[in-house]
Amino acid sequence: MPCAASLAELQAEASCPICLDYLRDPVTTDCGHNFCSSCIHQRWEDLQDILPCPVCFHHCPDRTFKRNVQLGHVTDLVQQLPARRSKRRLQEGKALCEQHGQPLSLFCEKDLELLCPRCKVSSGHLGHPLTPIE
């Protein structure tokens, strides 16, 4: 399981804290946080003097960012890994089972996993206590 946790951490680091999707044209603020270039520009669009970092609220002195080309390459590689659905897409619709493509509608109380109706009969969850989720 440590590998899965590391993968999730890597995917989180390659995600924009504003749009919650993978970083596109990543830039780094004065305080060291990374955002999609378009996201941070849009976030600060109507602000004048005080430009707070959306993560730590550090007051950035100006709108100049450092393009983070290396992080952009890492993000491209992360996107090729077994995909987690982006948080933005999960919020737009129901989460789908990666194996069966069906909505995750059950929670296995024994294995602490979300399941689709096909998983409950096909992947070793037979007889486990299941709770419907909304």
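Note that Cβ sites are derived from N, Cα and C of the backbone, with glycine treated the same way.
As written in TrEMBL, here are the features:
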| type | residues | note |
| --- | --- | --- |
| DOMAIN | 16-56 | domain 'RING-type' |
| DOMAIN | 92-133 | domain 'B box-type' |
If you run through the domain 'B box-type' (92-133) with DSSP, how many residues end up as helix, strand and coil?
5 helix, 11 strand, 26 coil
Summarise the model confidence on the domain 'RING-type' (16-56) as a single mean pLDDT, whole number.
92
